[in-house]
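*Asks:* Attaching a single structure in structure tokens format; questions to follow.
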Amino acid sequence: GRLKDFVSSLRESKGKGYFLLKKFCEYQDKEEVVLWMNTVGPYHNRQETYKYFSLPFCVGSKKSISHYHETLGEALQGVELEFSGLDIKFKDDVMPATYCEIDLDKEKRDAFVYAIKNHYWYQMYIDDLPIWGIVGEADENGEDYYLWTYKKLEIGFNGNRIVDVNLTSEGKVKLVPNTKIQMSYSVKWKKSDVKFEDRFDKYLDPSFFQHRIHWFSIFNSFMMVIFLVGLVSMILMRTLRKDYARYSKEEEMDDMDRDLGDEYGWKQVHGDVFRPSSHPLIFSSLVGSGCQIFAVSLIVIIVAMIEDLYTERGSMLSTAIFVYAATSPVNGYFGGSLYARQGGRRWIKQMFIGAFLIPAMVCGTAFFINFIAIYYHASRAIPFGTMVAVCCICFFVILPLNLVGTILGRNLSGQPNFPCRVNAVPRPIPEKKWFMEPAVIVCLGGILPFGSIFIEMYFIFTSFWAYKIYYVYGFMMLVLVILCIVTVCVTIVCTYFLLNAEDYRWQWTSFLSAASTAIYVYMYSFYYYFFKTKMYGLFQTSFYFGYMAVFSTALGIMCGAIGYMGTSAFVRKIYTNVKID
């Protein structure tokens, strides 16, 4: 079931021959095995990659296979597969042989010297198994530079499938202008006991991801959840019970006693608590987008737990794009129904904003970085055809599905059925202590949610910005559940204190207090950049902080929507259970 049909067959007439490009294929003895050259770039800047042949490497003698992009995810991730020209056949050993010659003039030498100074290394693929090699090295004094010219390939096979590839770089040659450098290779096939489905295990790093600190962080977060849920339950249930008793006692008083009594608390704002939020159009669009991001995160993590998406290039990104487009009705349903309940009239405008809020943010950042990538001639530059494909997905898939969700949301749950009637005139908000102001609550609300996930952020950052394959999606699922519980608990407590201070502006406060988690995540990304990496240069810096801003914003919108939805259920519940005259 893991095998796939060949991707494409490229035939050239007039005796030029043809090649069949296959993924995860079974080979016959002496069948063609393609070595793909992917990208080259500085080791410390993982995202700064260039075409392999942007350095003056030479090509083997075999006929070239035309360049192709296999998937949308590969195109967006800058995969640049080009045929190496090396003659490799299944189970057919190749003795050390020269496959091409580099005529090293001064310009080519300078290019290699620059690459060696910046620790360039390259990536290749055989049957979708990645191989890495270093371009060259300098001597201790940094005066002479050497190029590795001999690629020694050892390929393991189990039956008629390739299960292991190893590269050893040898043949160190000093770079001297106006000389000829011969590039050579050899291939040795060996039988392996590795099962085909386990062939990617060697690229994983259990000692890093399953380290005790990872387990401890999960345990610590669970303790935080138990503590928070217990605290919220105990305080709110005891406090609410006292509130209900006090309000019931007040119901038994006559008008004179009630007027003389000291009325205070969240019941006093019952006529304003369900008043529409300020800027309901933007608010509804943010909540709808956050619900969609949560649905995408949940589905993609579940798919990644079931299927090993890391075994296929670009599959994670392609899956996320597909799931995001497919879950557009979620955005329309929650955003459209909330906007309708808040009395919004311009529902078409709200639908457009909700549909394009996240895509515009992601595409805007990507296109900005794309200009820098084009200036650097990097492989990360997104092709024009891919840009058109993404725009088509937005206009012809996301927008219509969002429209369907909006119509369903307005018709099924768009009627305002609040337990309390909204007063015609807004109640004045009394003065309160500085720490009860919404701005302070918003700043403090994101600390605990960030504290529950920041260890996992380190592992996620390291897998994306360094050379680690993230595969512990069970941990990620647990962290997502913990994040949701902590966020809801924190926003409920914040909202209760706000309403008790007779401030009914709880909608934006609950959303922003949960969304402020994004501020702490982005601040942590600065710490990670300067103290945990050796990144440098305009391209890598703009790429890092640009996409970290997108990631943090999306996380903040998701947390904000989760916080608002949980708080909304809490507010509706407490005002349903109290008697209102």
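Don't overthink the numbers, they just go from 1 along the chain as shown.
Cβ atoms are placed via backbone N, Cα and C, with glycine included.
Curation plays no part in TrEMBL annotations; they are all automatic predictions.
Since this is a predicted model, take the numbers as computed values, not measurements.
According to TrEMBL, the record shows the following:
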type	residues	note
TRANSMEM	213-236	transmembrane segment
TRANSMEM	281-306	transmembrane segment
TRANSMEM	318-340	transmembrane segment
TRANSMEM	352-376	transmembrane segment
TRANSMEM	382-404	transmembrane segment
TRANSMEM	439-461	transmembrane segment
TRANSMEM	473-499	transmembrane segment
TRANSMEM	511-531	transmembrane segment
TRANSMEM	543-565	transmembrane segment
*Asks:* Which residues, given as numbers and ranges, are at least 6 beyond the ends of the transmembrane segment (511-531) yet have a Cβ under 8 Å from it?
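*Replies:* Residues 283, 286-287, 438, 441-447, 449-450, 453-454, 457-458, 461, 465, 487, 490-491, 494, 544-545, 548-549, 551-553, 555-557, 559-564.
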*Asks:* Quick one: do the transmembrane segment (352-376) and the transmembrane segment (439-461) reach 3+ CB pairs under 8 Å, ignoring pairs fewer than 6 apart in sequence?
*Replies:* no
*Asks:* For the transmembrane segment (213-236), I need the partner stretch with the highest count of C-beta pairs below 8 angstroms, choosing only from 318-340, 382-404, 439-461, 473-499.
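*Replies:* Comparing 318-340, 382-404, 439-461, 473-499 against the transmembrane segment (213-236), the winner is 473-499.
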*Asks:* Would the transmembrane segment (473-499) count as touching the transmembrane segment (318-340), if touching means at least three Cβ pairs under 8 Å and pairs must be 6 or more apart in sequence?
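*Replies:* With fewer than 3 qualifying Cβ pairs, these stretches do not touch.
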*Asks:* Under a Cβ pair cut-off of under 8 Å, which of the recorded stretches 281-306, 318-340, 439-461 contacts the transmembrane segment (543-565) most often?
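*Replies:* Most contacts with the transmembrane segment (543-565): 281-306.
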*Asks:* What residues in the same chain, six or more past the boundaries of the transmembrane segment (318-340), come closer than 8 Å to it by Cβ-Cβ distance?
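*Replies:* Residues packing against the transmembrane segment (318-340) from afar: 71-74, 280-281, 283-285, 287-289, 291-292, 295-296, 299-300, 303-304, 309, 347, 350-351, 354-355, 358, 390, 393, 397-399, 401-410, 412-415, 561.
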